[in-house]
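Here the structure comes first, spelled out in structure tokens, and everything after it is commentary.
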Amino acid sequence: ESHTLFWALCGEQNVTTKGGTRRGAISYDSIDQTALYIRMLDVRLGNFRSEIRGSTSHLCVDFRSLHSGESEDHASNRKQRSKLSLQMYLQCSRSFHGTLTFRHLHLLDQVYYGQAKCMLQRVGTWNFDIFLFDRLTNGESLVCLTLELFCKYGLIELFGLDPLRLHSFLVRIQEGYRSRNPYHNSLHAADVTQAMYCYLQEPKLSESLTSWDILLALLAAATHDLEHPGVNQNFLLKNDHFLASLYQKNSVLENHHWKSALSHLRESGLLSHLPIEDRHRMEERLGSLILATDISRQNEFLSRFKAHLDRKDLNMSSPEHRQFILQMALKCADICNPCRPNSLSTCWSHCVTKEFFQQGDVERAHRHDVSPLCDRHSNSVAIIQKSFISYVVEPLFVQWARFCDTPLSHCMLGYMKQNKKYWSNAGQEDLMDNAQTTCCKVLPRGT
């Protein structure tokens, strides 16, 4: 009976018997009936997720691809949801019946277990692998990570937030990112949110920021690229996109991210219980943080930051100065990929270059001038990254290290130098390969 029950839950009728082997099987140890093992045969390796609970290793199988009649290509593009756990449904049922209390605010336990839960214990470490975390949370990294940080800071209790509205809001935010974008997607937002949390832990910030500051910092990090179209502002302006007209050709993308975030905030009713003056003030501050990520204003913010540091007049008890530091922190978090360990940094480098080249391909197909850095025929990952680190990342993080002279700042600068050297060496190899290819085309056969 137990076999039949669990097999029905898995959606498979063929079982393994003593008389022969079928497609799949369920068995349990007769001595220890709490140990259940599920095996599936002839299933793609990508469907298996290995986790450890306690001392028992097992395979957690994603059965959704078996139930679906769609093709693999279509299924891979379809938005996947984490609905694998019967316990998650039971927890949600209790929540909707009004039994959810502040003791049950750690909603992450409903979604995943094992290694993913262990990873969150190190969410404040700089080498946090957001790619692995995203796989372990079945693509729900932004929701899970942001919920955990809200719980860590006690923001739900402090601001009287409805946990279900918060979860609904974060799901809306995650789905507002375009999963087809190689770089500007919800995974990037999760990575920026995790980096922002690391900065919030720095002594100069943790000792002076208010609960409002922390709430705004996390919301801004999670929404700073919301509904990004996967192309830059120059592309929108050249093609007379409606967003360019809507925002009067001024910080088009950043204004759109901000307004989209406000739309989701208001529709979710997350902050509807707060006084209207507080909500309006919060919305304006959220906008100033997101607008600060406009890369075209990089020199403006950097010059102002450097001037403050030279004069040594930053006062963290001043609301205006705290807001400015949060702007700089978000700017650092947004472009911190070259300051991550090389294994993570190179992944991000290939993602962003892929998005650049996709835009260039579209521009070329429509007979437009290809935007700088977007021409795959004249650029490479190494060339783009070396320039980006030298002219954008390094000047910003050198000044941030002046402000926060901490082990984290030295760690980031160390990784940045390693990655800069890595791409410089890779660029030399590319030049040699191109030269060799050119020689092979020019020299006559047999030379």
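Placed from the backbone N, Cα and C atoms, the Cβ positions cover glycine too.
Marked as active site, proton donor by TrEMBL: His184. Within its own chain, His184 (active site, proton donor) has Tyr177, Arg178, Asp225, His228, Gly230, Glu355 as residues 6 or more apart in sequence whose C-beta sits under 8 angstroms from its own.
Marked as AMP binding site by TrEMBL: His184, Asn185, Ser186, Leu187, His188, Asp225, Asp334, Gln385. Using a 10 Å Cβ-Cβ cutoff, Asp225 (AMP binding site) registers 26 neighbours.
The annotation Zn(2+) 1 binding site is assigned in TrEMBL to His188, His224, Asp225, Asp334.
Residues annotated as Zn(2+) 2 binding site in TrEMBL: Asp225.
Residues or ranges marked as domain 'PDEase' by TrEMBL: 108-430.
Once Cβ contacts within 10 Å are tallied over all protein chains shown, the binding-site residues His188, His224 are led by His224. Taking the binding-site residues Asn185, Ser186, Gln385 in turn, the residue surrounded by the fewest other Cβ atoms inside 10 Å of its Cβ turns out to be Asn185.
All protein chains shown were included, and the count of other CB atoms within 10 Å of the CB of Leu187 (AMP binding site) stands at 22. Non-local contacts of Asp334 (AMP binding site) by the CB criterion (under 8 A, 6+ apart in sequence, same chain) comprise Val192, His224, Thr293.
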